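> According to Swiss-Prot, the protein carries these features:
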SIGNAL    1-23  signal peptide
CARBOHYD  71  N-linked glycosylation site
DISULFID  272-282  disulfide bond
DISULFID  281-340  disulfide bond
DISULFID  309-372  disulfide bond
DISULFID  313-374  disulfide bond
């Protein structure tokens, strides 16, 4: 009799605890429950999406070894951005991201960005300032990323002003050296002869790989270079210090370094959209817009598809993770269960200004979620 009273008490308590709507007949409770479930799922995904965007901002700065986003305005960027063929190629033919499933993986990617191309603008050195008869250009400071990587290509780009009639231009690149008493101040690097036609000016590239490698071996020997480009009448056509209307025509160095390919790991996962009712772990679309952050220092891409993982990992779906399942069986209360996380990620290529106003083209690993799974 006492047991019966206990059962009745429990039953009454359950009736009181249940929402009154749930006791009515009809389809309305089911519809409300489904709507509530969808609403909760949308809220959860929205929170996950916001967290993912904030995490991406932190990861980009960390992987680029930047303590904070470079403070470069759009006006300054217009002045610094070279109007040169190699840079225009990177922007015009920009590969925002690779959808190839064999490209990179979370386990095999390094954490920090892999530099592929560095565009270095000229600066003034103390040696150039102290010289009598200031040379026409240029001193280049090199990033530590160049010093610790193998250089596969190094080109000096110079812009030659337009000519009014067909003419031959004599280009000479000289390397500055410390003079011994009355000795020479320069040694030749490259000399070439160009035939120019009337019209707009042209960009000319010159191979300086050997010189750069010597500078990297002996940094103290890097005192700068001088650029000369005279036509038949002795007019200097090289833009070394841009005048009015010559923004973006500075000489610059384009340096390419090796990039070690990464092995990938194949996996399978679910893909969903924002209207999906899928409750299992799934990959959802997410576009990151750098312009919305005010990150003008990122030249390209202005936005990219990052994606994110969301929803649940139930133990009933864990045949793929026997170790996790066994842990749960052994200690069901102590196990927090698996989480829906990226199981495969791929890099993005990025063209950006670093804190020293150098233009870097590199690969940032693990920035695009390719697949999601429970782990």
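Positions of Cβ are set from backbone N, Cα and C atoms, glycine also.
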> List every residue in the same chain as residue 340 (disulfide bond), at least 6 positions away in sequence, whose Cβ is under 8 Å from its Cβ.
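In sequence order, the residues whose Cβ lies under 8 Å from that of residue 340 (disulfide bond) (at least 6 apart) are 281, 282, 309, 310, 311, 312, 313, 372, 373, 374.
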> Roughly how many angstrom lie between the C-alpha atoms of residue 272 (disulfide bond) and the residue listed as 'N-linked glycosylation site'?
37
> So for residue 272 (disulfide bond), how many other CB atoms are inside 10 Å of its CB?
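Excluding its own Cβ, residue 272 (disulfide bond) sees 18 Cβ atoms within 10 Å.
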> Around the Cβ of residue 313 (disulfide bond), how many other Cβ atoms lie within 10 Å? Please give the count over every shown protein chain.
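There are 21 such Cβ atoms around residue 313 (disulfide bond).
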> Could you tell me which of these disulfide-bonded residues, 309, 372, has the fewest other Cβ atoms within 10 Å of its Cβ?
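Sparsest of the disulfide-bonded residues 309, 372 by Cβ contacts within 10 Å: 309.
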